[in-house]
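Quick look at what TrEMBL lists:
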ACT_SITE  141  active site
ACT_SITE  155  active site
COMPBIAS  184-199  compositional bias 'Basic and acidic residues'
REGION    184-210  region 'Disordered'
TRANSMEM  28-47  transmembrane segment
TRANSMEM  81-100  transmembrane segment
TRANSMEM  107-125  transmembrane segment
TRANSMEM  145-171  transmembrane segment
């Protein structure tokens, strides 16, 4: 009888199971990065093979053209005199994203970071393996739209990923949580009690005076 009671008591008081840990998003990040990197590398190879520098090929009149350019600067032909500095910065960005990926939970952060990672790696391939040499290779740009500087697939991927991450941060989506970050209820209750105490004291004082 005692054993049965003990067993029923133990079964009734089961330990509360902990919620399952949210899945990591490393695979999603790497998949997005791989798609961007592959698209960037393939289009650059085709541009070098099929286009001639200084001879634009019209797509939509003179507004949108294929224009082969060797860019020593950053995205959209900026900072052309700091090639090796830009290479080191891009390498640091890649390492930073890899470090963040260990705690990455948000799928949207995985997409944004994957876009940046793929774009950064795409341009780093040119920095390391194209002329004039390691760390100073010129990036292949080939698409010109109106007054906008000539660019490649990696450039809008990096910019688009950065814009996505800024938007996620502004609206309260952290990279290591699912959904928006939650405000601590205990802190809210403490703030409310602190705000209500002066009111209660003043009300008590008014009652004594009356």
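Every residue gets a Cβ built from N, Cα and C, even glycine.
When each of the listed stretches 28-47, 107-125, 145-171 is scored by C-beta pairs under 8 angstroms to the transmembrane segment (81-100), 107-125 comes out highest. Under the three-state DSSP scheme, residue 141 (active site) falls in the strand class. Through the fold, the transmembrane segment (145-171) approaches residues 36, 39-40, 43-44, 47, 63-64, 67, 69, 71, 75-78, 106, 108-109, 111-116, 118-120, 122-123, 139, 180 of its own chain, all at least 6 residues removed from its boundaries and within a Cβ separation under 8 Å. In this structure the C-alpha atoms belonging to residue 155 (active site) and residue 141 (active site) are separated by 9 Å. Summarising the environment of residue 141 (active site), the number of other Cβ atoms within 10 Å of its Cβ, over all protein chains shown, is 26. Of all the Cβ atoms in the protein chains shown, 24 others lie within 10 Å of the Cβ of residue 155 (active site).
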